[in-house]
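Asker: Pasting the relevant annotations from TrEMBL:
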- 499-545: domain 'PAS' (DOMAIN)
- 570-622: domain 'PAC' (DOMAIN)
- 635-847: domain 'Histidine kinase' (DOMAIN)
- 15-37: transmembrane segment (TRANSMEM)
- 43-62: transmembrane segment (TRANSMEM)
- 69-85: transmembrane segment (TRANSMEM)
- 105-125: transmembrane segment (TRANSMEM)
- 137-156: transmembrane segment (TRANSMEM)
- 168-189: transmembrane segment (TRANSMEM)
- 209-230: transmembrane segment (TRANSMEM)
- 236-255: transmembrane segment (TRANSMEM)
- 267-286: transmembrane segment (TRANSMEM)
Amino acid sequence: MRIFSELDGLKIENFVFRGLVLSALAAEAIIILFSLQTGSFDVFASYSLILVQLALGLYLLIKNRRSEINFSFAAFCFCLGLWTYEIFMLRQARLGPDLVFWGRQVFFGPVLNAYFFLYFSFVFPKKNIASFKWSKIFLFVPSLILLLLLSGPWVLREAYLTAAGPVPVFGAAYPLFAAYFLAYFFWGIINLIRKYRLAKGLEMLQIRYVFLGLCLTFIVSTGTNLILPALGETRFISFGPASTLLLLGFTVYAIVRHRLMSIEVVIQRGAVYGITTVLIMSLYALAVMVSEIYLRKIIGYTSLLVTALAALAIAVAYQPLVRSFQSLTDRLFFRGRYDYQKILRRISQEIAAVIKLEELTRLIVASFIDTMKVIEISFLLPEKEGEHFRSVPLAIQRYKRIEIDKNSPIIARLSAAKDILVRDEVEESAEVRDAMERLGIAVWVPIVSKDELIGIIALGSKLSGDIYSTEDLALLNTLANQTAVALDNARLYEEVVTMKNYSEEILQSMTNGVLTTDNRGRVVTFNQMGERISGRKAAGVIGKTCEEVWGGRGTVTLAVENTLKDRALLNHETGLSSPERGLVPVSLSSTLLRDSQGKKLGALITIHDLSELKELEDKIRRADKLTALATMAAGMAHEIKNPLSSMKVFAQLLPLKIDDPEYRKKLGEILPREIDRIDRIVESLLGFARSTAPTFEKVKIDDILEEDVKYFADQLKAAGVKLRKEYAVLPEIEVDRGQMSQVFSNLILNAIQAMPEGGELAITTAPGKRIENILQTIKVRVSDTGHGISAEMAKKLFDPFFTTKYGGTGLGLTITHSIVDGHKGLIDVESRIGQGTTFTVTLPVSQSIIK
């Protein structure tokens, strides 16, 4: 037993089976050689038949030696082989003692055959008597008695040879043998009939196969061994024992195979191939007859050409004839099956085109209910975030709701085997079978994609009670493969729809307007905020080109054109024309859309409404102006009050010291100076007011700087200041030439005044920020090596009337800051005491608003 256990562990059944096949082929080769040597066809036929019978029995034992079904029918096969051998030896016997000996031996096989057939009927396809262990012992007692009687003259008393063959002389116990044989065989047939009436599904079909084998064997053996001999024809007697192969073949197939072809298909295919073979052989015989008889008579010799052409025609025409006869029998005798298969194949094609999960489920379920006539059906999918497979909810009659844990033995089996699980086939795993019985599902069809179980089609039994045949399961496999593809498509479709809805929600909830176009500038998407900012509805924008909506020079049109030319924008402030709001200040950003291969798909434009920001800036600017006005008023009061105080004192002293020469001299010196001081303050205030209205034009910044440097050339030389210029290659920018000249003049003058003992003045230009390789700003730096100022003082440099110079008005840098701000630029200062000061002016390249 230990050895058998080790063999089971090694799984060498396939090895043993291959060895059996090779041994059978070797034995058959020996039989053929022996037959050729003796010249006896009887030797070849008999030993070949015995070899097949023994091989089938051994095959059953190899498949499952512990099964009583396999054991009983294997013994039946061996006994048939024994009977065939005994008949062969009896036909070879020529002497009286040999005839008697082999005549009695011939009865051994039938005695054992009857017993093992009855034994088989009790255990096939399932054992239905619990106490059969003892019954089979008692049933063997009559067999044992007969075997003992066969050793003497009680069954066969004598035998002698005549021209017609051996003639038996039966003994007194022969009726007992006949009664035993008939009783056991009919008892076995009755057992199978009773089981057939109670059987369902696979068991019913297995019994049908046994009956088919019995009937065919009975028909052939009756014709060759009873009817034809009665008509005087004995040449076909050897076909009687050979007909047992039909019984053996069908029964072994029913025992070993769990997935059986339907009996109708077996009959149909047998009839088709039989008719085709007979027709082909008839045509070939006709060709040979024409070649042998007619050509010999007419021409005088036979022609191998006719025979060769006939053989070629047979080879070419055989399969087309088979298909034609099969199609004909389908339409005449198997109309329902023909339509059923056609419908299933049509369903396989239809589901491949379905992309919605609910439609896919409804199509499969409805098709199976209507076509396969199943009692119930369910379509299960795994939960996205869960531990179960659940039925897709459908309101269809005969649709069953199932929930099964992912750790269920059924799911484990389907995931591992990736093959259809049939309840009638599950024998080795009681856990799986119990789970299937509990759920009441006969067939579980796994839907597998990329080695992953993504769904299950669960089918109940058929209303007809028939099993799912090999044809059904093959079609189910095809359907499952198509469903897997359809499920993947449905999942991708759902993911795309989900992502589209998700993206649409994000798009519509964004605080910025979003517009996308294709590579021809045709609008693809336009969100709600885009509608509010532009004053245009999405329905009137989507599908049209930007030029059709905003015009050839419209803000969005130019932005899309520049983006499609790889000139994207980033926070570009401009104006957008709206039918409702007029010119809306906006900030545009854009990017070029590309696919995974880098191919240009279109443009994406984001539109940020700056209306509130501009209003806030205006409020801040007004507040700053008010603050500046208050500061200027206070400064003016202080700056003007000082000279007015001096003038008031002189006016008060004028009546008393009108004749004092020294008084008149000071009055002449101080009074004009103080009036000039008041005049300078008023002029500065007027200049500050004028600086708020720039007139833009395109100029080279280098030209403005050169003009200012030439103007201060003499002062630079007088102050001992060295000039260093570093101009970068820059495009023209849009500025007010006069105001910008005033800005640089103020900065250069301040730098000269900050270096009374000489130093170095550096004027440099450089490119500023770039977006998508497009220059957006430039920078101008004016640096000195003067005394510098503290950080606290640097914060006040741009305040009105703040000055660090004696006699200064404190409005020069204020005006400078105002001018730069009016140009949408920035001015920064960096200074260190004892090292100098650097003013950096940042200006945009373009000032114009695109319309």
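Cβ coordinates come from backbone N, Cα and C, glycine included.
Automatic, uncurated: that is what TrEMBL annotation is.
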Asker: Please identify the stretch among 43-62, 69-85, 137-156 with the greatest number of Cβ pairs below 8 Å relative to the transmembrane segment (105-125).
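Answerer: Maximum Cβ contact count belongs to 69-85.
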Asker: Give residue numbers and ranges for long-range contacts of the transmembrane segment (137-156): same chain, 6 or more residues beyond its ends, CB-CB under 8 A.
Answerer: 100, 103-105, 107-108, 111-112, 114-115, 118-119, 168-174, 176-177, 180
Asker: Do any residues, 6 or more residues outside the transmembrane segment (69-85), come within under 8 Å Cβ-to-Cβ of it, and if so which ones?
Answerer: 46, 49-50, 53-54, 56-58, 60-61, 63, 106, 108-110, 112-113, 116-117, 119-120, 123-125, 241, 244, 248, 251-252, 255
Asker: DSSP helix, strand and coil counts for the domain 'PAS' (499-545)?
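Answerer: Helix/strand/coil tally for the domain 'PAS' (499-545): 21 helix, 12 strand, 14 coil.
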